[in-house]
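The domain 'Glutamine amidotransferase type-1' annotation in Swiss-Prot covers 2-181. Annotation source Swiss-Prot lists active site, nucleophile at 72. Per Swiss-Prot, the feature active site maps to 159, 161.
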């Protein structure tokens, strides 16, 4: 199995790659990689500073028929690509936040109903796109995680790759299990 981590210039993308490469074959790629060059069993859209620097990520989401996990900016790209909305958050910067799991399925299978995660809410999804549903929230953000109704597309606002996030390894394990199907 091969997973590609799309580098959106975020400070934690190397941690995403390290978390995945210990489990399966993984490679970090530029977000300008042509879609026809992407051959993988799954794709992770990493975090980054802004939507303006998201390269071809929207094209990957619209074109590829493989599981995708969007992390932070990756979630926001997913939401906007499919008709959702992203706006500045009320609470900016990185902080620990309590995540409330609304749906224990997919990437959140086996994760407790509440856990602490490291997240930035400088920007956040404020309108969930059609054909997606909200699967986690917090007291500062109504849309902490989403999943598509029929495709294996998932997104989280928090950073499962950092040590400050509880159950981050489980989120990655669940995503890899989805990629194996």
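Cβ from N, Cα, C; glycine included.
In this structure the C-alpha atoms belonging to the residue listed as 'active site, nucleophile' and residue 159 (active site) are separated by 7 Å.
The average pLDDT for the domain 'Glutamine amidotransferase type-1' (2-181) in the predicted structure is 95. Other C-beta atoms found within 10 angstroms of the C-beta of residue 161 (active site) number 26, with every protein chain shown included. Proximity of residue 159 (active site) to non-local residues of its own chain (separation of 6 or more, Cβ distance below 8 Å) is seen for 12, 15, 47, 71, 72, 117, 118, 119, 120, 165, 168, given in sequence order.
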